[in-house]
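Data first, discussion second: the structure below is written as C-alpha cells.
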Amino acid sequence: MSRMAEQQLYIHGGYTSATSGRTFETINPANGNVLATVQAAGREDVDRAVKSAQQGQKIWAAMTAMERSRILRRAVDILRERNDELAKLETLDTGKAYSETSTVDIVTGADVLEYYAGLIPALEGSQIPLRETSFVYTRREPLGVVAGIGAWNYPIQIALWKSAPALAAGNAMIFKPSEVTPLTALKLAEIYSEAGLPDGVFNVLPGVGAETGQYLTEHPGIAKVSFTGGVASGKKVMANSAASSLKEVTMELGGKSPLIVFDDADLDLAADIAMMANFFSSGQVCTNGTRVFVPAKCKAAFEQKILARVERIRAGDVFDPQTNFGPLVSFPHRDNVLRYIAKGKEEGARVLCGGDVLKGDGFDNGAWVAPTVFTDCRDEMTIVREEIFGPVMSLLTYESEDEVIRRANDTDYGLAAGIVTADLNLAHRVIHQLEAGICWINTWGESPAEMPVGGYKHSGIGRENGVMTLQSYTQVKSIQVEMAKFQSIF
C-alpha cells in the first residue's frame, strides 16, 4: 500500500490542521513501512475541540431520544457496510490478521453501538412519593463533554465502546486514539458525521498521550474521562482528572489473569481455551489468561496438548485468510516483550516453545515474536507477576483447590479469571472466591455488549458495556414538588 496523505484532526464535523505544528508517524508493524504522517493536537487544539463539543452537545441533548437513536443506528448500518474497508485499515495499522479484524473489531464495536442506540429511549427517571401533598422525581441528565482515551490494541472497537454509551446518554465526546494506531478513529468520526451526528459531538484528536491526553484530563471543560491503558498511565490520568476539576473517571487497565484447569476438566477443551486466552491477537489482549494453573499430575499431558496446538498457529501475510497470528503492534513493544522473555529464561523458567523473534521471509522487517510457552514457572517470577501483553504463556502447577485460589488472587491485578471443569458446583464455588471483575467458566474472552466489563484492584474503576455504563454517563437530578402550602418557621 502506498503512503497515505497526512492525517489531520477531526473537529466540528470536518478535518482541520493542528495548531501545534507537530507530527508523528504511524507504522505498519508487519513490514516496518510508514503508513502516514499524523498531526498531533496541542493545547490550543484541545481548547477548540472542547468549545466545539460544548456547542454540539447542546444541540444533541435537545434532540428526542428517538432522534438520537435513529442517528446512531444509521452509524451502525454504515459501519457494517464498510466492515471490510475498515478492517483492512485496522490490519495495516495494528498488524492484526485480517481474519481477526474483519470478524471481530468492527463487528463487536458496531454491536455495542447498536445496543446503546436501542437503550436510549429507556433512559428515564423515577417518582418517589413522600406524602399525599409532596413527591420527588428524578431526571437522568447528560454530563456534558466527556473524553475518551484509547489503547492501541483495539482502536476502533475501543472508540465505539467509549463513544456509544456517552453519545447515547446525550453527551459529546472528544476521543484521543493511541498514537500507535490512530487511523480508524478518524474514519469513525467521518461515519458519525455522515450518519447525522451534529458537528462537535464526536471530535478526534490524535496526539502523544503524555501531552494531548494530559491536556484533556486537565481541561476544566471535560466532565468525565474514560481511559483504557496501563496501570501507571491510568494513575496519572486519574490524578490529573481529580486535581483539575474532580472529573468522573472510568479506568480499564491491565491484567495478569489466572486460568485454572481442574483435574476433572477435558484437557482438550482446557488447551483450546488456554490457546485463545494467550495467543489470540498475538497476546495483546488485556484480559488474557497468562497464568495457566494446571494440576501437577496433568502437567505433562497438558504441555503436549499445548505444543500440538501451537503447531496450528499460522503466522505470515496478514491478509491471507489462513493467517491467525500477526506481529506485535510496534517495534518498541516487540523489544519490551523480548526483554520479558529473556527475563523468564534468566529466572529459570523452561521454554517449551518459542522464546525468540520469528525469522525468515516475511518476518525480518516486522515486529514479529514467536508464540512462547514457559513451563516450570514459579509465582515470584517476573513473567508471572507482570503484564507482558504479548504471546507469552506461563504454566504453573498446583496441588489443591485452596492453594490455587490463594495463588490466583495473589496479584495486584483483578481484571479477569477463568476456570475449566466439568463440575458446576466446583465452578461456582471457586469463581465466587476469585478477585476479578470478568470471569469465565469453560470459555474465555467473549465480552458482548450486554456484559459489564471492568476490573478489581489495580485493573480499573467502573465498567464498560451493559446498562450500568449508560447510567454512568448521566448525572441524577432530584426535584421535590410540594402541593400544600409551604410552612416557614420564621
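Here the Cβ of each residue, glycine as well, is placed from N, Cα and C on the backbone.
From a predicted model like this one, the values you see are computed outputs, not experimental measurements.
Noted in Swiss-Prot for the protein shown:
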type: BINDING; residues: THR26, ILE27, ASP93, VAL180; note: K(+) 1 binding site
type: BINDING; residues: GLY150, ALA151, TRP152, LYS176, PRO177, SER178, GLU179, GLY230, VAL231, ALA232, SER233, GLY254, CYS286, GLU387; note: NAD(+) binding site
type: ACT_SITE; residues: LYS162; note: active site, charge relay system
type: BINDING; residues: LEU246, LYS457, GLY460; note: K(+) 2 binding site
type: SITE; residues: GLU248; note: site 'Seems to be a necessary countercharge to the potassium cations'
type: ACT_SITE; residues: GLU252; note: active site, proton acceptor
type: MOD_RES; residues: CYS286; note: cysteine sulfenic acid (-SOH)
type: ACT_SITE; residues: CYS286; note: active site, nucleophile
type: ACT_SITE; residues: GLU464; note: active site, charge relay system
Inset, instruction - Starting from CYS286 (NAD(+) binding site), work out which of the recorded positions listed here (ILE27, LYS162, GLU248, GLU252, GLY460, GLU464) have their Cα within 10 Å, and give them in sequence order. - result: GLU252
Legend entry - Distance from THR26 (K(+) 1 binding site) back to GLU179 (NAD(+) binding site), taken between C-alpha atoms, in Å: 7
Inset, instruction - Counting other Cβ atoms within 10 Å, pick out the least crowded of the binding-site residues ASP93, GLU179. - result: GLU179
Inset, instruction - Give me the non-local Cβ neighbours of PRO177 (NAD(+) binding site): same chain, 6+ apart in sequence, Cβ-Cβ under 8 Å, ordered along the sequence. - result: GLY150, PRO155, ALA159, THR184, ALA185, LEU186, VAL204, PRO206
Inset, instruction - Could you check the recorded positions GLU248, GLU252, GLU464 and say which one's CB has the most other CB atoms within 10 Å? - result: GLU252
Inset, instruction - Please classify the secondary structure at GLU248 (site 'Seems to be a necessary countercharge to the potassium cations') using three-state DSSP. - result: strand
Inset, instruction - Looking only at C-alpha atoms, tell me how far LYS162 (active site, charge relay system) is from SER233 (NAD(+) binding site), rounded to the nearest Å. - result: 18
Inset, instruction - Whole-number Å only: compute the distance from the Cα of GLU248 (site 'Seems to be a necessary countercharge to the potassium cations') to the Cα of GLU464 (active site, charge relay system). - result: 14
Legend entry - Neighbours of THR26, ILE27, ASP93, VAL180 excl. site residues, C-beta within 8 Å of centre, K(+) 1: GLU25, ASN28, PRO29, LEU35, THR94, TRP152, GLU179, THR181, PRO182, LEU183, VAL329, SER330
Inset, instruction - Sorry to bug you, but what's the C-alpha spacing from SER233 (NAD(+) binding site) to LEU246 (K(+) 2 binding site), rounded to the closest Å? - result: 18
Inset, instruction - To the nearest whole angstrom, state the Cα distance for the pair VAL180 (K(+) 1 binding site) and SER233 (NAD(+) binding site). - result: 15
Inset, instruction - Fill in the CA-CA distance, TRP152 (NAD(+) binding site) to LYS457 (K(+) 2 binding site), as an integer in Å. - result: 23
Legend entry - Same chain, 6+ residues apart, C-beta under 8 Å of the C-beta of GLY460 (K(+) 2 binding site), given in sequence order: GLY234, THR250, MET251, GLU252, LEU253, LEU415, GLY437, GLY454
Legend entry - Cβ packing number for LEU246 (K(+) 2 binding site), 10 Å threshold: 9
